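Single-structure report; data block below.
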């Protein structure tokens with residue numbers, strides 16, 4: 001294991017030509033202190049939890065005393081926000097502290113969120129609030145536990161300093177990790193400002209660092225774009241399969257590596273509601289749960305437009321044409337796994353569609369249903385009450401269950417083996433908004449024990465965790481269908 005002082009920085013992004021961002025001196029909270037740390041993320045940097053308890057950890061990660069090799073840097077980008085192009089955004093309250101090479105040679109961005117104003121703050125204070133910091137910290141680990149590509153939180157630095165939003169809130173900073181923070185909107189910025197040489201420089205940088213098999217190859221830009229299309233299709237299929245709504249799928253929130261990026265007004269489904277809107281600012285439902293696959297394609301088309309100085313229109317169209325088949329294949333693979341099916345059959349799509357229609361009509365809890373379905377007894381006449389009782393009118397479930405039973409029999413499914421498979425892919429725990437709010441309320445009162453407890457539970461969401469059972473329950477009345485603000 002390493003010490004802080006042994007971290008190896010290789011700041012490739014900060015070494016790009018002028019115009020990719022701005023070097024910034026962080027303005028951390030003077031009373032910043034470590035209030036939660038993620039041991040699993042520390043391990044990626046070869047650091048121990050004990051190393052994080054050193055005062056130097058807070059000073060370095062909070063930006064007060066950067067480590068040798070750190071070069072705090074705010075990245076510039078643009079983006080389509082709710083379908084409207086905004087020509088200049090950038091890291092308004094975030095900083096790339098530096099890029100660390102781990103012992104295996106993998107590279108990790110260390111990103112500080114809430115470290116004060118930057119040239120891209122657009123009049124804002126550059127701060128983050130504890131509420132949104134906890135939500136992002138926990139959801140990053142929840143998504144990682146679910147096997148979904150994501151940024152991850154290294155730790156939360158708390159403060160007593162007030163931050164002024166719609167109300168006065170408690171300030172905090174998040175130390176975030178990811179292989180890269182390059183976005184679709186990064187390419188858009190250089191394209192629409194007609195800096196075509198920077199579009200090529202950025203593409204070559206991303207290819208060299210993250211798609212090295214394409215470096216120097218003929219046709220590399222078209223192949224790169226096709227790979228981004230594939231990764232994005234896979235990511236959104238994974239979101240849909242676990243019932244995750246991002247809430248603000250602007251192109252500046254889309255990762256070029258297919259990571260879940262920028263957790264804001266997200267939400268996991270409680271009842272299965274295809275049109276679920278988790279962002280209360282999304283009055284037209286542009287980013288509703290069932291619109292995410294369509295928006296993924298729209299965003300990729302925006303990226304393709306930004307790459308047209310590197311690829312032809314025919315190459316862009318060919319890459320985009322792979323999106324829907326890739327999405328469909330990934331989504332159905334996930335749904336077959338959730339249903340415990342081993343074989344691929346033509347009728348599977350209809351089986352899933354029929355189930356979804358019945359779940360939506362009956363307002364069945366999405367996560368709890370699939371977890372319980374693992375215990376479905378497939379023998380004719382077997383007791384199916386644990387799942388059946390989730391439907392107010394059980395006859396609707398019975399009709400689907402007959403088809404499901406026949407489908408299981410057709411591939412010779414064995415209940416015990418199927419149960420084991422389904423338990424590995426259907427989580428017991430997701431970060432429901434009401435659970436996050438409970439952790440936030442306690443933390444705002446100075447108690448971070450639930451934040452730490454949930455971090456552990458969500459990192460292993462398929463296990464039973466008997467002492468966390470209340471957080472697998474259906475939400476209380478006050479916690480149903482919560483919509484969340486973009487304010488952070």
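Keep in mind that glycine also has a Cβ here, set from the backbone N, Cα and C atoms.
Within 10, 31, 262, the residue that Swiss-Prot lists together with 90, 92, 93, 113, 125, 126, 176, 183 for binding ATP is 262.
Checked against residue 253 (Mg(2+) binding site), the binding-site residues 90, 93, 176 differ in C-alpha distance, with 90 being the nearest.
Around residue 93 (ATP binding site), a 10 Å sphere centred on its CB holds 21 further CB atoms from the protein chains shown. Here residue 262 (ATP binding site) comes close to 248, 252, 253: these same-chain residues lie at least six apart in sequence, with C-beta atoms under 8 angstroms from its C-beta. Among 90, 92, 93, 113, 125, 126, 176, 183, 262, the residues given in the record as binding ATP, the maximal Cα to Cα distance rounds to 23 Å.
In this structure, of the recorded positions 125, 252, the smallest number of CB atoms within 10 A of the CB marks 125.
In the three-state DSSP assignment, the secondary structure recorded for residue 262 (ATP binding site) is coil.
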